[in-house]
Every structure is written in C-alpha cells, then in structure tokens.
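Here the structure is laid out as structure tokens; the discussion comes afterwards.
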Amino acid sequence: MGFNIERADKPFVVKSPYKPSGDQPQAIAELAERIENGENDVVLMGATGTGKTATTAWLIEKLQRPTLIIEPNKTLAAQLCAEFRELMPDNAVSYFVSYYDYYQPEAYIPQTDTYIEKDSNINDDVERLRHQATANLLTRRDCVVVATVSCIYGLGTPEEYAGRMLFLKVGQEINRDDLLRQFVAMQYKRNDIAFTRGTFRVRGDTVEIIPVYEELAVRIEFFGDEIDRISTLHPLTGDEIDEENEVHIFPASHYVAGPERMERALKTIREELEERLAELRKQGKELEAQRLNMRTTYDLEMLTQVGVCSGVENYSRHFDGRAAGTPPHTLLDFFPDDFLLVIDESHVTVPQIGAMYEGDASRKRTLVEHGFRLPSAMDNRPLKWPEFLQRVGQTVYLSATPGDYEMGLSDGVVEQIIRPTGLLDPKIDVRPVKGQIDDLLAEIKARVAKNERALVTTLTKKMAEDLTDYLLERGIKVEYLHSDVDTLRRVELLRMLREGKIDVIVGINLLREGLDLPEVSLVAILDADKEGFLRSYRSLIQTIGRAARNVSGTVIMYADETTEAMRQAIDETDRRRAKQIAYNQEHGIDPKPLIKKISDVNDMLAKEDVDTQTLLEGGYRNAGKAGNTHLGVPVLDPNEADKRHEEILKAGLPAQDLADLIRQLSEQMHTAAEQLQFELAARLRDEIRDLKKELRQMTEANK
C-alpha cells in the first residue's frame with residue numbers, strides 16, 4: 001500500500017555466532033523455495049529445541065520481505081521479540097501487543113439489569129512500542145513485527161495516519177506557529193514544564209518534541225521562518241546525541257482525524273442516532289431510546305468541544321467513513337502488499353484468531369439492543385477469519401504439533417527434527433497404573449542422585465496436591481504449579497527447579513508450550529490413558545517435548561491401556577528419535593547437553609546495583625534489595641567512599657546532578673521490576689548504563 005512515503009530499503013541481516021545446522025539448512029531452503037514458487041500456505045513442523053526461531057530469522061534474511069509473526073500470548077511474543085532483536089540488531093524489530101495492563105470491557109447483563117462501565121489501565125511503554133511498529137512499517141521495509149491477536153483489532157486508517165505525518169528538513173521554509181498548530185492537530189500537547197512522550201515545548205526559536213514512538217527528543221531550531229538545524233537529544237539530560245538532516249514525525253494517536261473527517265463523522269453519527277431512536281420507539285422501547293439519546297448527545301458534545309470522548313473507538317466506522325458491516329482497518333493494513341506472515345504455535349494461535357470476532361460481537365449486541373450503544377459500535381471489532389485471510393498473503397505455520405486446519409491447507413509439511421546440539425527425542429516407557437506412585441518415587445530418587453530434575457503432570461488439582469504432599473513426606477524437594485500461581489511466582493518456581501533448590505514440579509496443564517528446562521531428564525504423565533483435552537495427541541507431544549532438552553531425557557506414561565492418542569504420540573516420537581540417531585551416527589555427533597544460562601530480572605537488578613554503588617560510593621554494601629545477597633562485593637577501603645564523593649564534587653554540578661539522577665533511576669528500575677514491567681526495567685537499566693558511562697568520563701577528566 002503506498003502512502004507517498006518512500007520506505008528505506010535496508011537488507012535483512014542475521015548476526016549470529018552460529019550457522020544453520022542439523023536440518024535447519026534443508027528447512028530454510030525448502031521453505032524459501034516453496035514461498036518463491038508462489039505456495040500460499042507452508043507448514044514447518046519443528047520438534048522442540050530444533051531452533052525454529054533461528055530458522056525463521058534466516059528465512060526472512062533469504063526472502064528479504066517485511067514479516068509479521070503472530071504469537072499466542074504476550075509472554076511468548078516478548079520472548080521471541082527479544083531473540084529477534086539479538087539476531088537482527090540492525091533491522092526494525094517491533095513489538096505489537098494489547099497495551100492494556102488491565103481491561104474490563106463495557107458490558108450489560110439484562111438478567112440482573114447490571115451495566116458494567118469500561119475500565120482499563122494502559123501501559124505507556126507498550127503503547128510506545130505499538131506506535132514504533134506502525135511508524136517503522138511506514139518508513140522502512142526491513143521490518144519484523146512480533147504481535148499477538150491484538151493485530152486483528154481496529155486501528156486508525158493508515159492513509160490518515162500517514163497523511164497527517166510531518167516531514168521536516170533542514171532548510172525547509174515553515175512558520176514556527178504553523179508548525180505548533182500542526183503538532184496540536186496531530187494530538188501532541190504543549191507542555192513547557194513536564195517534558196514527556198507525546199508533548200512538545202517552545203523556547204524562543206527552538207521547538208522540542210518527543211514523538212510518541214521515540215525515547216529521544218527532537219530539537220528543531222529556526223532562523224526566521226527557515227529550519228536551521230535538527231538534532232536528537234536525551235530528554236532527561238538535554239545532551240545532544242546526533243544531528244539530523246531530516247525527520248518524520250507521526251501523529252500522537254492512531255485514531256487521528258482531520259477537521260473534515262470530524263465534521264463528516266459528527267453528521268453521520270447524528271443521522272444514525274435519529275434512525276435508531278425512531279426504530280426503538282417503534283418497538284415501544286422508550287427507556288432504551290432515552291438512554292441512547294442521552295449518552296450519544298453527551299458524546300457528540302464532547303467530540304465537538306474536545307475532539308475526543310470516552311469510548312470514541314465505538315464511533316470508528318464514522319471516522320473511517322466505512323459502510324455498515326465492513327471490516328475495520330488493522331495493523332495488517334500498514335504492511336506492504338508482499339509481506340510474509342508467520343503464525344507461531346499455530347495449533348493454538350489459528351483457533352484463537354478465528355474465535356475473537358464472535359466473543360466481541362455477542363457482548364456488543366446486548367449493549368446495542370438495550371440502548372447503550374449505536375448499532376455502528378458493532379463495527380468496532382476484530383476481523384472475522386475470512387477477512388483475516390483476505391488481508392494476508394503467504395503464510396508459514398510453525399508448530400511441533402500443527403493443527404488439522406493448517407495440515408489440510410499445505411501440500412506436505414517441511415520437517416525440522418534434528419537438533420543442532422545432537423539431542424534426541426526422549427525414550428518413552430509405558431508402565432501400569434498399579435503401584436505408579438511408588439514407582440514414580442523410585443524414579444525421582446534416581447534422578448535426584450544424578451542432580452537432575454523431574455516434571456510430573458496429573459489430571460486434577462486434587463491429585464496434584466495429594467501427590468505433592470506425599471512426595472514432601474518422603475523427603476523430596478517438590479513444588480506444585482497450578483493456575484492460581486501468579487506469573488512472577490511461576491517464573492521463580494521454574495528458576496528454583498533449574499538451580500536445584502527444588503527437584504520436582506507437579507502440575508496439570510502448565511508444562512507445555514514454551515517451557516525451556518535443560519535440567520529436566522524425567523517427565524512423568526499420570527493417567528496417560530484418560531482420553532480428553534489434557535491427554536490428546538498434541539498435548540502429549542508438547543508435554544514429551546519438555547524432556548527433549550536433556551541428554552538422558554525419559555518420559556514415563558502410567559496407563560493400563562494404550563489409547564489412540566498415546567499410540568500416535570509414541571510412534572511420532574520413536575520416528576523422530578530414529579531419524580535423529582541415524583543423523584548423529586552419519587555425522588559423528590555426540591549429543592551435547594544444552595547449556596542455558598540461568599538468569600532472571602533479579603540478577604540483572606543486583607548486578608546493576610553492584611556497579612552503581614561501586615561507582616557512586618566506592619563499594620557495595622548490600623545487595624539485599626535485589627534479592628541476591630551473594631552478588632554483593634566487599635566494600636573497599638573505608639576512605640574510598642569519601643574519595644569517590646570528592647571526585648564527583650570536583651567534577652562540578654553536572655556530575656552531582658548525574659549521580660542523583662542515577663540513584664533516582666535505579667529506584668524506578670526496582671519499582672518497575674516489582675510491578676512486573678520488565679521492559680521498562682530493562683530500558684531504565686540501559687539508560688542508567690549510559691549515564692554511568694558519562695559520569696565515569698566526567699570524573700576521569702577532572703582527576
């Protein structure tokens with residue numbers, strides 16, 4: 001789609017110390033060949049731990065096409081985005097997920113006459129990353145966007161968003177006041193005191209703005225009515241970072257509407273209101289008509305006076321100028337026509353994309369019927385499955401267990417089952433249910449003796465709790481993982497398992513996709529012959545995969561009979577294992593254990609604290625705040641702290657301010673981590689590192 005913006009055409013380049021190995025080269029070549037030959041749907045069936053992420057990156061490098069990757073949840077999306085940023089540091093890797101930390105949609109329950117107002121909490125950093133994704137898509141071709149199902153929900157029109165974009169160049173003739181009016185029309189706010197994202201400030205002939213998708217501010221210096229200089233600067237310190245010749249500034253909102261659009265929207269909303277009121281009164285729904293009239297009239301007044309109202313997205317059809325029933329504009333419309341779609345964990349993600357529309361529609365239908373919303377609110381919705389398919393081109397489905405839908409579309413799958421480390425799929429042992437607990441206890445003890453770990457999956461919470469108690473009584477270090485355990489506690493338990501503080505985790509359905517634990521050598525599946533969702537072929541394959549990252553990985557299924565799902569899972573695992581053994585023998589490869597660093601956010605905080613206090617006070621007293629006292633280093637000479645303080649004083653006021661700023665940001669970093677805002681914590685860490693580098697240079701210069 002062209003928006004009169006020339007996209008920078010930089011090549012995709014993967015920077016990795018590794019080369020494609022195992023059957024990665026064959027998978028990359030086959031996928032690329034099929035896509036270049038015009039196949040629309042291709043399935044990559046990649047066993048756990050075979051490097052599907054790296055294969056995808058190398059495929060993008062080979063095809064040189066902008067790519068959208070859809071993940072089933074925010075956690076996996078964040079994980080994949082971080083991996084892609086490491087693999088493609090010079091390309092635009094963006095993150096596009098729902099920006100709500102908390103979201104309670106507007107709803108009405110007729111049975112109890114209960115109206116629930118919309119309530120939400122927006123995460124500013126995720127919102128910035130969403131804006132960064134759309135800005136990148138319109139200005140560059142080397143884009144990879146990692147998204148969740150959020151990408152099929154309504155977004156403003158790309159034409160209007162690009163049309164309101166401002167292009168500024170050194171030497172350009174533009175009146176300063178006209179520029180300020182344009183910023184306001186783009187929904188930026190003037191604030192000469194608190195300079196934050198989405199605001200601008202004016203100081204004589206100098207205008208500074210922080211675009212919503214950037215962390216750096218842009219300074220525009222005028223000489224009369226001509227732009228004399230453009231530069232980027234650090235918004236906190238005011239230090240200039242780079243001089244620019246030209247800059248694009250996109251609107252502060254995806255839902256930006258010019259005066260003509262606003263005028264037209266207000267007119268069509270009034271017309272729809274009149275029609276709907278007549279309809280409701282004809283049906284004898286006087287209460288509903290009165291309610292609708294009152295709510296919509298208030299919204300119209302707000303739109304006229306302020307340009308925005310609560311729930312403005314429900315009028316998106318009027319602002320976009322769409323006909324009733326037509327699909328909304330989404331992130332997909334921001335991509336060039338030749339983009340590639342990758343659906344990760346497709347057995348989960350495909351049904352998820354298909355299910356979004358109906359859930360949204362049933363809630364809105366009730367609101368419309370009872371006079372809380374105009375019928376046009378139904379058109380502020382996610383895409384239906386057929387509409388989604390119309391907007392995407394060639395698609396790669398990634399999964400260890402592809403679903404029936406994608407298997408039916410594709411003409412044979414591309415397999416990737418050889419691991420670069422030579423690791424094999426685990427051996428599977430089926431044992432009788434009688435005496436299963438004592439047998440399991442003996443197996444766990446054997447693993448503990450070898451400093452290995454075990455996962456046990458049961459069918460019910462009750463059984464998981466009872467088994468955990470039984471193992472605890474027998475002296476096993478065990479924890480129980482279930483749906484009530486919050487995210488941070490879950491991460492902590494898995495970390496404790498890897499460190500050996502616990503030897504066994506008992507769970508129900510939480511031991512499947514995306515769990516990467518190289519220390520686990522035993523996965524025990526209790527009641528494997530009870531047919532159902534938790535013991536289906538795909539669930540079993542995903543659970544078996546948790547033991548595939550250890551050289552001596554074994555799976556024990558406790559069952560009295562072999563179900564069809566079990567037989568399929570065992571046959572598939574044996575087939576893969578035979579192929580892996582043959583490959584290893586042919587190439588003389590010995591399976592190597594997967595070495596994966598145990599790291600978490602607490603480590604990151606503690607290390608940063610060590611460095612900060614060593615810099616500011618010449619020593620490090622207590623790492624307790626970060627929860628890792630073992631990372632503390634002894635305080636140096638008692639006079640060292642005074643000496644360091646004197647050095648900072650000698651370097652002058654900027655150095656003192658910098659030291660104070662580092663302390664403040666360190667506190668903010670801890671707060672962000674405590675509130676699970678890990679992206680913000682990591683960003684603050686990077687900022688602290690830059691400031692510390694600057695402070696070191698200042699103190700060195702004054703020695």
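Numbering starts at 1 and runs along the chain as it is shown here.
For all residues, glycine too, the Cβ spot is worked out from N, Cα and C.
Copied over from Swiss-Prot:
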- GLY46, ALA47, THR48, GLY49, THR50, GLY51, LYS52, THR53: ATP binding site (BINDING)
- 33-419: domain 'Helicase ATP-binding' (DOMAIN)
- 436-589: domain 'Helicase C-terminal' (DOMAIN)
- 659-694: domain 'UVR' (DOMAIN)
- 99-122: motif 'Beta-hairpin' (MOTIF)
For this session: Inside 10 Å of the Cβ of LYS52 (ATP binding site), count up the other Cβ atoms and send me the figure.
Result: 23
For this session: Drop a 10 Å sphere on every Cβ of the binding-site residues THR48, THR50, THR53 and tell me which sphere holds the fewest other Cβ atoms.
Result: THR53
Exercise. Can you give the mean pLDDT for the motif 'Beta-hairpin' (99-122), rounded to a whole number?
Worked result: 88
For this session: Report the DSSP secondary-structure composition of the motif 'Beta-hairpin' (99-122) as helix, strand and coil residue counts.
Result: 0 helix, 15 strand, 9 coil
Exercise. Far apart in sequence but close in space: which same-chain residues, 6 or more away, have a Cβ under 8 Å from GLY46 (ATP binding site)?
Worked result: ALA27, LYS52, THR55, LEU398, SER399, ALA400, GLU415, GLN416, ILE417
Exercise. So, in DSSP terms, is ALA47 (ATP binding site) helix, strand, or coil?
Worked result: coil
Problem set entry | Cβ-centroid neighbours of ATP site GLY46, ALA47, THR48, GLY49, THR50, GLY51, LYS52, THR53, 8 Å, sequence order | THR55, ALA400, GLN416, ARG419
Exercise. What counts of helix, strand and coil residues does DSSP assign across the domain 'UVR' (659-694)?
Worked result: 33 helix, 0 strand, 3 coil
Exercise. Around ALA47 (ATP binding site), how many other C-beta atoms are within 10 angstroms of its C-beta?
Worked result: 26
